[in-house]
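Asker: Following this message is one structure expressed as structure tokens.
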Amino acid sequence: MASPMEAVARSSLVLAPRRRRALGLLPAAAAPFVLDCRRRHNGGMRRPHVSFACSAELDTGRRQLPSTGTRAVMSSCPGYVEGRMVGENTSQINMGREARIRRHLENPEFLPSSYDIAWVAMVPLPGTDHLQAPCFPECVEWILQNQHSNGSWGVNEFDSSASKDILLSTLACIIALEKWNVGSEQIRRGLHFIAKNFSIVIDDQIAAPIGFNLTFPAMVNLAIKMGLEFPASEISIDQILHLRDMELKRLSGEESLGKEAYFAYIAEGLEESMVDWSEVMKFQGKNGSLFNSPAATAAALVHRYDDKALGYLYSVVNKFGGEVPTVYPLNIFSQLSMVDTLVNIGISRHFSSDIKRILDKTYILWSQRDEEVMLDLPTCAMAFRLLRMNGYGVSSDDLSHVAEASTFHNSVEGYLDDTKSLLELYKASKVSLSENEPILEKMGCWSGSLLKEKLCSDDIRGTPILGEVEYALKFPFYATLEPLDHKWNIENFDARAYQKIKTKNMPCHVNEDLLALAAEDFSFCQSTYQNEIQHLESWEKENKLDQLEFTRKNLINSYLSAAATISPYELSDARIACAKSIALTLVADDFFDVGSSKEEQENLISLVEKWDQYHKVEFYSENVKAVFFALYSTVNQLGAMASAVQNRDVTKYNVESWLDYLRSLATDAEWQRSKYVPTMEEYMKNSIVTFALGPTILIALYFMGQNLWEDIVKNAEYDELFRLMNTCGRLQNDIQSFERECKDGKLNSVSLLVLDSKDVMSVEEAKEAINESISSCRRELLRLVVREDGVIPKSCKEMFWNLYKTSHVFYSQADGFSSPKEMMGAMNGVIFEPLKTRGN
């Protein structure tokens, strides 16, 4: 069975010849302007680097990155120049978006937190009476200058409606102003806002910040004690205090480190009698803060002086002035989250150098076991996953502090049952590179169980993270197709999303840029894919492959495999080369399986052995002739293009890989005819070649933008990547095609394993053993792919990993090329269905 392959994207092969002629882009005999381009850029009539160099589409606004050999030629072609002019305005907009994203990657910016600013404003100048002077007058000034027109303070970026978060921030700002006896008008308007929206406080259907049922009542009491005329009836205040009492009652039945951490985290909003500040200060970090929270640290200073805490607040105010954020420092978590988002929505390749700088810095902090990385659970988990997937040498032993569920439950995140932290730990556990990583195994076990429990409860129902949890549990990172993954993430991306801590923590407008850039990038990919399919359909007709009665109609599935493996639009040559090669391997597979006699099979192999001397061999039948000429013309065309890109002849290597493939198919056919039962070793040696990775992946690698040395196919690293991927794909195919092949009287690894055991092993046990082998090969494959000290270029190694993921998805339910309904559904989603974003 041939391999399901992805490809690469964006190239000169995108338009079918007839369509190119219709658009005036590439006449059959080459229009004068094409010939002129060739003369200018290639010296007279010498062959250009790529066959259809001037067939670029009109620019739709996104900056195009044509295949390597195409760019110089395209620059003076009329179609290209016109397209560039049409898209100039959009390109400028995109450049602005990218610039803002880069700035945020380098130095994350978040909107000021009114709540935290208010608490920092309450800190008195050391050595003075508490009522004399603020230590940070710039924070007091910020409060005076930044009240909203409705009387509130807080983040209300997208609407002006009240929320518990805004009410909490407004009350904190009122208390800060009252403490320093300033802003009487602002206080009056703030109290009016609270009075108008007071019903929100006791509405349990409205989302609340962490600890709200404790902090808001405590601050109401504080306001009353300060002499403020609180704008609520005695009954309403009693209801608020009842909320606090119910929350305290709920918490009173347990004693744990997690509870202590939680109380310390929200200490600024607790009643004085409830707080032991000496216990709270046990959670002070090396930077002097409590949980990197300006509000909690400021509250500690209000109640007891501490040099380190004061130093922390000075560092915050020195950096931000009066615009204090709700968490600081947050750079690493924010930067890693942004990197993860860029990967998930498919635009990380546009920011590769920025991402490398962030990961280099993160790796240094990881090696130093820096608190900002190691002690924050979601940051630690995300750092491990991203560093490992990008080739940094991080050991799973460094996660020993989160190997057990008890560690999670004893943290603030665990005590709050934070789904995001749990999800990050689960994702990190799946990035295993060997069978001997028990920490990851334990972590994955308990985090996965807790996430499944959440799905069965109402905890996260109706929240955006519900979909993320369902997706992560259903599709491990090695079981997703990049284009489908990108589409799902873009459609579920919320540009208004914020981190809900004690108050909103919202990035400064960058989410809108991310969504716009990703949506346009994906739409451009779709347009490219659609043009490539038209080209492939024309190619199929020109080679009369659609007239072969013995072969399956597999062109769409072949292209889907290629697009799933090589998804960026700028790698079109690689993707089309891959798709054509897959389609041809399936034709050959069907030819040897059901469409030919032994004589015809031998005839086809003889013709390929002669290749350019094929006229010395007679065609045994019309089917042989059709298959050979389709193979001959396509391999030569792709070989000529690849040779131009690589500056040497590479066609011979592709022909050799085809010969190996056809000979292995012939061996398999001979076993079928003679009823020979091979040993497992014989079967695997032959069948991993019939998985067809050789003829499909090598030709695509030549178009990946890397100069590959002549003997790459003889390199040990290439050979091992090839072996591991072929083994995984073959075993995956065998498991899912077992029942069908049994009915056809064919053997595969499942049936051979059962036979070798003399029927002691059941079919299900054999499948389980093979699945274990697949898992082992997958881990070893990933280890080779992410390893930085190899000689194979990273982009080429990643193609093997992407191919594994494609194979896994294709064979997770059934033999991928026998499931047209499922594959067409996926194809429609990636190629034809428009994005359905949240309307941000």
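For all residues, glycine too, the Cβ spot is worked out from N, Cα and C.
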Asker: For the record in Swiss-Prot, which of the ranges 589-593, 664-668, 734-738 is the motif 'DDXXD motif' one?
Answerer: 589-593
Asker: Of all the binding-site residues given, namely ASN733, SER737, GLU741, which is spatially nearest to ASP593 (Mg(2+) 1 binding site) at the Cα level?
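Answerer: The smallest Cα gap between ASP593 (Mg(2+) 1 binding site) and any of the binding-site residues is with GLU741.
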Asker: I'd like to know the mean pLDDT over the motif 'DDXXD motif' (589-593).
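Answerer: That stretch averages a pLDDT of 94.
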Asker: Which one of these binding-site residues has the most other Cβ atoms within 10 Å of its own Cβ: ASN733, SER737?
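Answerer: That would be ASN733, with the most Cβ atoms nearby.
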Asker: For each of ASP589, ASP593, GLU741, count the other CB atoms within 10 A of its CB; which of these binding-site residues has the top count?
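Answerer: Most Cβ neighbours within 10 Å: ASP589.
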Asker: Any idea what the Cα distance is from SER737 (Mg(2+) 3 binding site) over to ASP589 (Mg(2+) 1 binding site), rounded to a whole Å?
Answerer: 15
Asker: Could you give the number of helix, strand and coil residues in the motif 'DDXXD motif' (589-593) as assigned by DSSP?
Answerer: 5 helix, 0 strand, 0 coil
Asker: Using C-alpha atoms only, work out the spacing between ASN733 (Mg(2+) 3 binding site) and ASP589 (Mg(2+) 1 binding site) and round it to an integer in Å.
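Answerer: Between the alpha carbons of ASN733 (Mg(2+) 3 binding site) and ASP589 (Mg(2+) 1 binding site) there are 14 Å.
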Asker: In whole Å, note down how far the CA of ASP589 (Mg(2+) 1 binding site) lies from the CA of GLU741 (Mg(2+) 3 binding site).
Answerer: 14
